[in-house]
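A.B. asks: Right, I'll just put the structure down here and ask away after.
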Ligand SMILES: Cc1ncc(COP(=O)(O)O)c(C=O)c1O
Ligand SMILES: Cc1ncc(COP(=O)(O)O)c(C=O)c1O
Ligand code: FES
Ligand code: FES
């Protein structure tokens, strides 16, 4: 059967070029970078070259890049590390209700440890209100953590403005850019971002590697203590192969963001239009313009997302409903609720996220099947029955 | 030039069988295990099969095994997770002065956060004193963290007895078994161990993956918060390939521990004897019997370890001096100082750790070169000069 | 981690040994820190005509000693006094930051030997007045918290 993978916001398939660069570090180049003999020195060199690539892709200095085990660890480190290191200054953190759980659950945990957290709401498109942010800052505020772009609805926040506000108030600013890297131009040197999280597997690199950018001079505790790797700030024997893979992946993802976005957006806009044309009672979630190039998120009234996903899977189409990273939970997505969707509409959401391996022709297959499936499920739905009756 | 890798305690070369099992998860099997479509379900299955293998190798239940990014994260999680979850009960932790930095630096950090830590000393062979341990336990003690086997001198602690003491006193017992797995039979179900750390890259698996065994019912906080992976206890998109690799690696490493140890010990004992025979002013560090099968650690008087390592590297031999995991620091090893070596003797230490890929013939090469190098460095040493003068 | 020059001087150290009838001997460092450097000078008419060293220490300590001996051989006392650890490190095409103290040791070993010469021979070296080699010149990498 045809397989159409449309869940690139959950994870991506690794690019061949990335895997090829990693392979030597699974075989002959196995030395521990901390050691002084040849095979160790070569590993060290590979790690530092990968770090350079990450730095270059973000307009940062190599010494500001720290490798982690993924976006989640980066988020945990940034938020907890700053919280604990600055608790003599204050105990207040500002974030948003639509963050990824990696930030949200970390904040919930910190609340139990005596920190106070303000969760900013968002408007119907998923944007925060800058005035509200400014008002939320108080003397005790030590950190603002606001995601660059949302993983579910794709909304991109006004990061430059947020940075300016944070800087003016002398508060650290962390942004979870896991979804933004490769889709948005990022130039950290000319930004007011103090910390930025990213992850390899969202940009055609391996799963289980990420990085945290920490601007020089930022007061932050290490999160994982131990050996002196990563300049004494992130302990643990280096995952050389994945670091190399992340370096290659980010290099490729940022080589021509504009050109790349144009292609992806053409597919995205075509998909949105065709769904709008072919299926009624649908609603596009997220911001109409300020959204990630590959993100399509629709609510289909009267039906439930899991049933939709299962039906799509039966014809080989992979999508997601709510956050794929957390779909162990069946609660309607906290992001969709935050933009004001009623529960029943939130439940009927479908995210199709377009990636580098998708083609125009696949989208035809998706739309045809989707229309059919939605109709079939609606025919089973007592809610739809009522609406039909009213018509 | 001939290359002889004798630093298997620092890291090992991945076995081909391990890499082979991992490969599909770098290519077609890239689905996110949290998702419900086919390629996601297959990833989920692979993760759970890997977890079964880890559990089986340790005599544990699969649901007691949590994947982490390595031994260091496992140690951080166990120690911090128990500390924070039980701080209403007490704030006292007991560990030893010879732990890996992953435990030691974590404890130092917790001291700054208001915890109290007792660091047990060790005897000249690196063994703790059980009576001393018992005496150190007080009402406020919530955790004992003592390593199974030491990474530098190979000494194996009386883990069963420590477990009994901990259990009798109602204190949690964590052991860092990163060096022990594959060399010591471990049967967690019939043990008093509450938590156990292990790492993939010490047993011919990948670098950047580990596991923490958490006995059912243990009160411990998550360490990395976020998505609901690992039953809500360790967030982050799963590193499926490495989990599969760790499963295969531990399966192979524990298939026939006795037979395997016999072979490795034959090599080790031969190496120890030949060094003793050929070179004077040497001292074997660690316990004569209770030591890891592959560990050889000698001090060579009058010379310094780094010079020794560099010289060995020039003839293709890879060894380590002090802990290779932390050799960014130039301080003499805390372990060698703890067993009572004077600073200058600790400086002249060399660890040669034997692994599955080493051969008898390689050892000949090592001993011949080592004898020559030690002599050359001694001829340059003002300390040796004095001894020669006295003779 | 080390330059080719360092490795060259480490593997083929120049002027290793002792001078039995040395005019000045300097010993600095201590075994506790893993480094002792001992310099022997032969001085004629205010010129270092021969120099030998022995070192207990790491690769960069051995290379620094070797380089220092090359740099002072045949030089006048005044010229020798001008030798700095930075010059030694530069002559080796650089040392890793954590290893700079090894070159400090080399500078101090030379000065100690000169001081010894001055005491023994009665030749005053005013530049060395108050010179005392540091016991602990170790300056390890910054630990960021
Ligand atoms: C916005 C966002 N932040 C954080 C993460 C977590 O990253 P990782 O899966 O690498 O832990 C994800 C995806 O899982 C994400 O989409
Ligand atoms: C005893 C011990 N504990 C912990 C670790 C850390 O494990 P990892 O390198 O996987 O972080 C090591 C080795 O590095 C070790 O030898
Ligand atoms: S309908 Fe089954 S989970 Fe709600
Ligand atoms: S002799 Fe101490 S590091 Fe060079």
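Just so you know, glycine gets a Cβ as well, placed from its N, Cα and C.
TrEMBL: automatically predicted annotations, no manual curation.
As annotated in TrEMBL:
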type     : residues                                             : note
ACT_SITE : A:325                                                : active site, cysteine persulfide intermediate
BINDING  : A:71, A:72, A:151, A:179, A:199, A:200, A:201, A:237 : pyridoxal 5'-phosphate binding site
BINDING  : A:325                                                : [2Fe-2S] cluster binding site
DOMAIN   : A:4-366                                              : domain 'Aminotransferase class V'
MOD_RES  : A:202                                                : N6-(pyridoxal phosphate)lysine
A.B. asks: Among the binding-site residues A:179, A:199, A:200, A:237, which have a Cβ atom lying under 6 Å from any atom of ligand 1?
C.D. replies: A:179, A:199
A.B. asks: Quick one: of the binding-site residues A:72, A:200, A:201, which have a CB under 8 A from chain B's CB atoms?
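C.D. replies: The binding-site residues close to chain B are A:72, A:201.
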A.B. asks: Would you mind pulling the longest C-alpha to C-alpha span across A:71, A:72, A:151, A:179, A:199, A:200, A:201, A:237, which the record has binding pyridoxal 5'-phosphate, in angstrom?
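C.D. replies: Overall maximum Cα spacing for these binding residues reaches 30 Å.
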A.B. asks: 10 Å Cβ neighbour count around residue A:151 (pyridoxal 5'-phosphate binding site)?
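C.D. replies: Around the Cβ of residue A:151 (pyridoxal 5'-phosphate binding site), 28 other Cβ atoms lie within 10 Å.
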A.B. asks: Three states by DSSP: which one describes residue A:199 (pyridoxal 5'-phosphate binding site)?
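C.D. replies: Note: residue A:199 (pyridoxal 5'-phosphate binding site) is in a strand by DSSP.
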A.B. asks: Between residue A:71 (pyridoxal 5'-phosphate binding site) and residue A:202 (N6-(pyridoxal phosphate)lysine), how far is it from one CA atom to the other, in Å?
C.D. replies: 9
A.B. asks: CB neighbours of residue A:201 (pyridoxal 5'-phosphate binding site) within 10 A?
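C.D. replies: Its Cβ shell of radius 10 Å holds 29 other Cβ atoms.
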A.B. asks: Measuring Cβ to any atom of ligand 2 with a strict under-6 Å cutoff, which of the binding-site residues A:71, A:179, A:201, A:237 qualify?
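C.D. replies: Among A:71, A:179, A:201, A:237, near ligand 2: A:237.
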A.B. asks: List the binding-site residues among A:72, A:179, A:237 whose C-alpha is within 10 Å of the C-alpha of residue A:202 (N6-(pyridoxal phosphate)lysine), in sequence order, or say none.
C.D. replies: A:179
A.B. asks: With the cut-off set at 10 Å between Cβ atoms, which of these binding-site residues ends up with the most neighbours? Options: A:71, A:200.
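C.D. replies: The residue with the densest Cβ neighbourhood is A:200.
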A.B. asks: What mean pLDDT score does the domain 'Aminotransferase class V' (A:4-366) have in the model?
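C.D. replies: Across the domain 'Aminotransferase class V' (A:4-366), the average pLDDT comes out at 96.
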A.B. asks: Kindly assign residue A:71 (pyridoxal 5'-phosphate binding site) to one of the three DSSP-derived states: helix, strand or coil.
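C.D. replies: Residue A:71 (pyridoxal 5'-phosphate binding site) sits in a helix per DSSP.
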A.B. asks: Determine the Cβ neighbour count for residue A:179 (pyridoxal 5'-phosphate binding site): the number of other Cβ atoms within 10 Å of its Cβ.
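C.D. replies: Other Cβ atoms found within 10 Å: 27.
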A.B. asks: Might you list, by sequence position, any residue in that chain lying six or more from residue A:72 (pyridoxal 5'-phosphate binding site) with a Cβ less than 8 Å away from its Cβ?
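C.D. replies: Once residues fewer than 6 apart are set aside, residue A:72 (pyridoxal 5'-phosphate binding site) is near A:102, A:199, A:210.
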A.B. asks: Within the chain of residue A:237 (pyridoxal 5'-phosphate binding site), which residues six or more apart in sequence place their C-beta under 8 angstroms from its C-beta?
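C.D. replies: Residues satisfying the criterion: A:32, A:34, A:227, A:229.
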A.B. asks: Three-state secondary structure of residue A:237 (pyridoxal 5'-phosphate binding site) from DSSP?
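C.D. replies: In the DSSP reduction, residue A:237 (pyridoxal 5'-phosphate binding site) maps to coil.
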